[in-house]
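Visitor: I grabbed these lines from TrEMBL:
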type	residues	note
ACT_SITE	Cys334	active site, proton donor
DOMAIN	18-361	domain 'Orn/DAP/Arg decarboxylase 2 C-terminal'
DOMAIN	35-270	domain 'Orn/DAP/Arg decarboxylase 2 N-terminal'
MOD_RES	Lys48	N6-(pyridoxal phosphate)lysine
Amino acid sequence: MFSDKDISHFANLETPFYYYDLALLQSTLSNCADAAKLYNFHVHYAMKANFNSRVLEKIRAIGFGADCVSGGEVSKAIELGFDKAQVVFAGVGKSDKEINDALDQDIFCFNVESIQELEVINELAAAKGKKARVAIRINPNVDAHTHHNITTGLDENKFGINSWDLPLCAETLKKSDQLEFIGIHFHIGSQITNLDVYKNLCVRVNEFAEWFEERGFTVKVLNVGGGLGIDYHHPDGQIPDFPAYFKIFNEFLNVRPNQEVHFELGRALVGQSASLVSKVLYVKNGKKKNFIVLDAGMTELMRPALYQAYHKIENISKPAVADVVKYDVVGPICESTDCFGKEVELPETFRNDLIALRSAGAYGEVMASHYNLRNEIRGVYSED
Ligand SMILES: *Cc1c(COP(=O)(O)O)cnc(C)c1O
């Protein structure tokens, strides 16, 4: 929801840009932190959702850790003052350099996704005379019931170690002197809106924890990943239901005394706090279709082109009216998939109207590219 003041401010700015509602971000973070505290759950923010420094600063300040998926993210988290003891590093393809740098930084833990990776971390740690803390990312074969392009926890996905490889994994852990096993890790997908999925995950986590314990391992950390979805259809002031989410884990996970439960939330923390604001360049009225051509495209917000994602589209220069026109809303990029929405109902729209693509705080700015030699996208920030 934009105030008249916001909109007249936007009119003086060069478009397109990401507009961050830092007050909404702050209340989302506080809401999550309070809900997690109730059960003493630990939250690591999944940095890949948005690594804008202004956003990260608020997340660091509230005390969350950082869940990183590249050496670049590990460095940036530490640079911005995240506690090293709260930095975890996941990813199916960590390079030797990334592993070495993370060992030098003494991060909390590597979330390891293959047996070969365990062997490589063991070797690299030995060369430095260090111990590496590792958690095993297990592929639990739990269906996240989300878009197939953002499902990660099924047998056919590339992520994690499959259950049939766990005996070899346990053997490798036992003979690797430089590895300190700290627990098990899961992340089954993103934009999960059916909370029952998490009950199924808890059942599997309990089974795997027991499996490791039976083989003499101490499972100190249960890391259940992230994936909590947001409501893209109702972006105004919406905060995900963190209390309901954490309550499920409290009810269905068997947590031993001294065991820690870790979460890695990305989208749910930042998704609603930004909109992509763009200007209408042209309105093309065809015989069968009306097109709105924006000055933002897939180079600024790739999710619709990448996985047919929905973002609510609003003409913020015109009051909402009953009399709507249907438009295909497209960007300027030379690709037919550069389309934000088809048959979108908007008030009659004209050149220079401002259009907001809502709920763009997660996997938006971070996926921007220079394709077509486009300019770097900027961020504009609300007052706190
Ligand atoms: C992407 C990712 C997350 C966060 O996913 P969201 O859907 O944004 O909550 C958490 N853990 C890992 C390992 C990831 O790759």
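Positions of Cβ are set from backbone N, Cα and C atoms, glycine also.
Automatic, uncurated: that is what TrEMBL annotation is.
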Visitor: Are there any residues at least 6 positions away along the chain from the residue listed as 'active site, proton donor' with a Cβ closer than 8 Å to its Cβ? List them or say none.
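Guide: Result: Asn372.
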Visitor: DSSP secondary structure for the residue listed as 'N6-(pyridoxal phosphate)lysine', reduced to helix/strand/coil, please.
Guide: helix
Visitor: Averaged across the domain 'Orn/DAP/Arg decarboxylase 2 C-terminal' (18-361), what pLDDT does the model get? Just tell me the whole number, please.
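Guide: In the predicted model, the domain 'Orn/DAP/Arg decarboxylase 2 C-terminal' (18-361) has a mean pLDDT of 95.
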Visitor: Across all the protein chains here, work out how many other Cβ atoms are within 10 Å of the Cβ of the residue listed as 'N6-(pyridoxal phosphate)lysine'.
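Guide: There are 18 of them.
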